[in-house]
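Input: one structure, supplied below.
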């Protein structure tokens with residue numbers, strides 16, 4: 001590093017602070033599968049001191065505010081902006097947050113966009129420090145509350161759903177999420193490494209005590225080779241026909257420190273065309289934008305950001321690749337903000353949301369987080385129009401709403417409450433796990449009005465089997481509820497399919513097997529919101545059923561039992577579709593909301 005940062009009286013602490021800000025994507029995980037069940041499986045703090053090698057909680061509120069003020073002043077000068085970037089890189093190396101090459105590359109990748117967003121941000125030090133130190137240092141949700149405008153007309157009377165008559169048509173819907181194809185996956189490479197992603201050419205060869213990467217995938221912090229993705233698509237094609245497909249994003253691997261736009265676009269093209277090739281021209285796919293599609297990861301500027309820093313390079317390529325599936329009006333809003341709506345069948349519409357506009361990790365929202373791209377207001381318009389037409393609506397997206405910024409999450413929850421009779425399905429991914437999140441009526445918080453399905457990933461990242469989901473939906477007939485009646489999860493059991501490779505003879509056509517069917521696994525007649533409410537209460541009272549869920553949640557590969565605080569945290573996540581009101585956990589007997597609030601600041 002060059003000369004010292006003369007404008008900073010606390011250089012060592014500034015290094016720490018800057019490193020925490022810019023290297024957040026390396027430190028926090030959106031994928032709780034990689035954490036131990038003992039302290040709680042969904043990592044409950046943004047930063048894990050065991051990973052960082054120091055205790056960030058020693059960062060006091062006054063010190064944090066001082067440091068953030070210094071950074072604000074420093075970034076008034078372009079010269080100091082360069083010094084801030086170098087300081088962050090050095091801090092990342094000194095604090096052993098990642099390997100030296102990773103620290104350098106992620107700083108170079110993030111520096112321009114992150115510093116630009118920070119310079120334009122209106123955050124006060126107390127607001128930013130509330131995230132790092134806690135709500136005692138300021139308002140925890142650093143983004144000011146805002147409200148979506150709903151139509152003034154009354155909400156129609158709610159008619160509780162009833163199971164369809166025997167023999168009624170059903171729709172089979174294939175659901176794919178979190179593919180995470182790694183172009184550099186290498187069989188036999190080290191499955192355990194210091195980088196955030198292993199099983200690659202750069203991971204080296206394993207020592208005799210270490211595992212090597214398997215042919216079809218690996219139980220570690222590894223993504224998938226292309227052959228496994230193709231095997232899934234071939235199996236899905238044989239398991240058809242499909243009425244339609246939902247695909248909720250995250251195509252690239254987790255090498256977020258070394259990605260380029262050209263690489264991201266190439267991977268988008270390859271996977272999109274493989275999906276089209278294997279599923280055929282007669283199956284319509286409805287995609288959604290994941291947080292890993294962009295580079296830097298999580299960087300999704302609102303539409304008021306123009307020029308080279310905008311997301312036009314990504315949305316335009318998506319519109320080109322997805323044109324065989326989407327009509328021009330949908331492609332128009334996709335190019336604008338990464339979201340769209342399409343009529344699937346008469347009486348059923350899909351809305352694909354860009355959930356990156358609700359994500360805490362999207363640093364562009366520091367500039368303005370009030371309904372980015374007017375997406376939620378647009379959603380209200382679509383739902384109101386569908387209500388008047390008698391349409392049912394499915395919503396798809398990547399990040400589950402319960403992991404969103406508080407104001408965004410609250411407004412979305414409010415919208416679902418208002419249009420509970422219209423929105424009959426919510427489908428998300430992102431966590432890589434098999435989960436769900438409940439929505440209750442806002443007046444009593446006791447009547448279930450909706451459920452957000454969170455489906456398991458295609459990728460193994462971290463320590464998982466590859467998998468995909470199938471939804472059985474009330475079919476295309478007059479009076480159909482269009483609700484999910486059941487769902488199935490299929491996996492590729494790596495323990496079985498990788499075993500022959502020891503003899504140099506890997507399985508050529510591996511079998512994807514049914515892990516479970518929801519109604520059979522949990523003994524429920526349907527999978528309506530009221531059924532999920534009952535299931536959640538069963539988890540609280542019957543630990544045997546909960547441990548079955550814990551096993552299925554990890555796609556059949558789990559090493560520890562989830563007890564005590566782990567179980568409490570999981571149940572709280574399932575119960576709350578709103579990120580800003582974890583105290584709702586107190587409303588269900590058996591929860592300890594104070595414990596949950598103390599444990600879980602954010603999941604992703």
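Cβ from N, Cα, C; glycine included.
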Kindly point out which candidate in 112, 113, 250, 509 is recorded by TrEMBL as part of the Zn(2+) 1 site with 178, 180, 432.
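Candidate listed by TrEMBL for the same site: 250.
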Taking TrEMBL at its word that 250, 398, 430 bind Zn(2+) 2, choose the one of 291, 362, 476 listed for that site.
291
Find the shortest Cα-Cα separation between residue 291 (Zn(2+) 2 binding site) and the disulfide-bonded residues 103, 129, 198, 404, 562, and name the residue that gives it.
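Minimum Cα distance from residue 291 (Zn(2+) 2 binding site) across 103, 129, 198, 404, 562 lands on 404.
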Could you state the whole-number distance in Å separating the C-alpha atoms of residue 178 (Zn(2+) 1 binding site) and residue 430 (Zn(2+) 2 binding site)?
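That separation, Cα to Cα, works out to 7 Å.
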Can you tell me how far the Cα of residue 432 (Zn(2+) 1 binding site) sits from the Cα of residue 129 (disulfide bond), in Å?
29
Whose Cβ, among the disulfide-bonded residues 193, 222, has more other Cβ atoms within 10 Å than any of the rest?
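Of the disulfide-bonded residues 193, 222, the most buried by Cβ count within 10 Å is 222.
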Work out how many Å separate residue 566 (disulfide bond) and residue 358 (disulfide bond) at their Cα atoms, rounded off.
26
Find the one among the disulfide-bonded residues 61, 404, 562 whose C-alpha lies closest to that of residue 198 (disulfide bond).
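For residue 198 (disulfide bond), the closest Cα among 61, 404, 562 is found at 562.
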